[in-house]
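J.: Please see the structure below; I have some questions.
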């Protein structure tokens with residue numbers, strides 16, 4: 001199946017009451033594990049690529065070529081989107097679009113509102129011309145992700161969310177409502193009241209960033225309030241690192257990367273399968 005944008009995927013998920021996971025790519029093994037999990041679970045999937053991970057893997061074009069080749073090799077039949085995670089500028093989004101990404105996130109949430117609207121609208125115009133979906137963010141998701149550091153959480157303003165959607169034509173919205181990137185210190189405190197209000201007023205599928213460590217009950221509640229995309233990266237990184245440590249602790253003389261990265265790949269796959277089942281996306285493709 002060819003790569004697709006997120007639009008239909010997320011609208012269907014919102015309608016049917018489940019969420020599609022965005023799982024971030026960090027290297028070959030992450031890409032293999034996530035695609036294998038999606039095909040086995042018969043789940044649609046979004047492959048997230050941050051600017052930093054894109055650079056690490058040799059550029060956006062390299063990532064697209066790798067994903068397409070693996071999809072062919074694994075005979076992938078489920079819908080797959082390649083999505084730029086936290087695109088920092090119009091230029092970065094344009095680069096991803098021209099490299100073959102099927103979806104982009106423009107994150108101008110740290111700029112004043114009017115500037116966020118102007119930048120986002122410009123990205124939407126280019127993206128939609130190429131059949132690419134667009135995600136935008138309002139408020140501030142806490143924690144750190146690659147080049148993006150946000151200390152505290154600034155909740156999104158429901159009225160601004162509605163205005164951003166109306167003035168830009170984005171396909172999905174990531175309102176910051178208490179989630180953070182990276183491991184949580186204590187229990188996450190999600191703003192469900194705001195989530196419900198934003199979901200109703202915009203009518204768009206909502207996106208939950210920082211999906212690692214959010215209790216299942218909160219995940220289910222978020223989905224019931226219109227969240228159709230949940231981002232996961234830290235959990236896969238932790239499980240893969242744990243597998244590498246365990247392998248090397250048991251065999252300190254091991255030097256063949258396949259012998260320690262193989263178990264890491266399996267650990268990622270298991271984690272992703274668990275998330276797909278939790279989000280309700282298994283058997284939806």
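Cβ atoms here come from the backbone N, Cα and C positions, even for glycine.
For reference, Swiss-Prot lists these features for the protein:
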ACT_SITE  85  active site, proton donor
BINDING   50  D-glyceraldehyde 3-phosphate binding site
BINDING   86, 181, 209  Zn(2+) 1 binding site
BINDING   107, 137  Zn(2+) 2 binding site
BINDING   182, 210, 211, 212, 231, 232, 233, 234  dihydroxyacetone phosphate binding site
MOD_RES   212  phosphothreonine
MOD_RES   234  phosphothreonine
J.: Pop the Cα-Cα gap between the residue listed as 'active site, proton donor' and residue 234 (dihydroxyacetone phosphate binding site) into the table, whole Å please.
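T.: Checking the Cα atoms of residue 234 (dihydroxyacetone phosphate binding site) and the residue listed as 'active site, proton donor' gives a distance of 14 Å.
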J.: Measure from the Cβ of residue 232 (dihydroxyacetone phosphate binding site) and count the other Cβ atoms within 10 Å, all protein chains considered.
T.: 26
J.: At a 10 Å cut-off from the C-beta of residue 86 (Zn(2+) 1 binding site), count the other C-beta atoms across all protein chains.
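T.: Cβ-Cβ neighbours of residue 86 (Zn(2+) 1 binding site) within 10 Å number 26.
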J.: Considering only the binding-site residues 50, 107, 232, which fall within 10 Å of residue 209 (Zn(2+) 1 binding site) when distances are taken between Cα atoms?
T.: 232
J.: Binding-site residues 107, 137, 211, 212, 232: which have a Cα within 10 Å of the residue listed as 'D-glyceraldehyde 3-phosphate binding site'?
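T.: Of everything listed, nothing lies within 10 Å of the residue listed as 'D-glyceraldehyde 3-phosphate binding site' (Cα to Cα).
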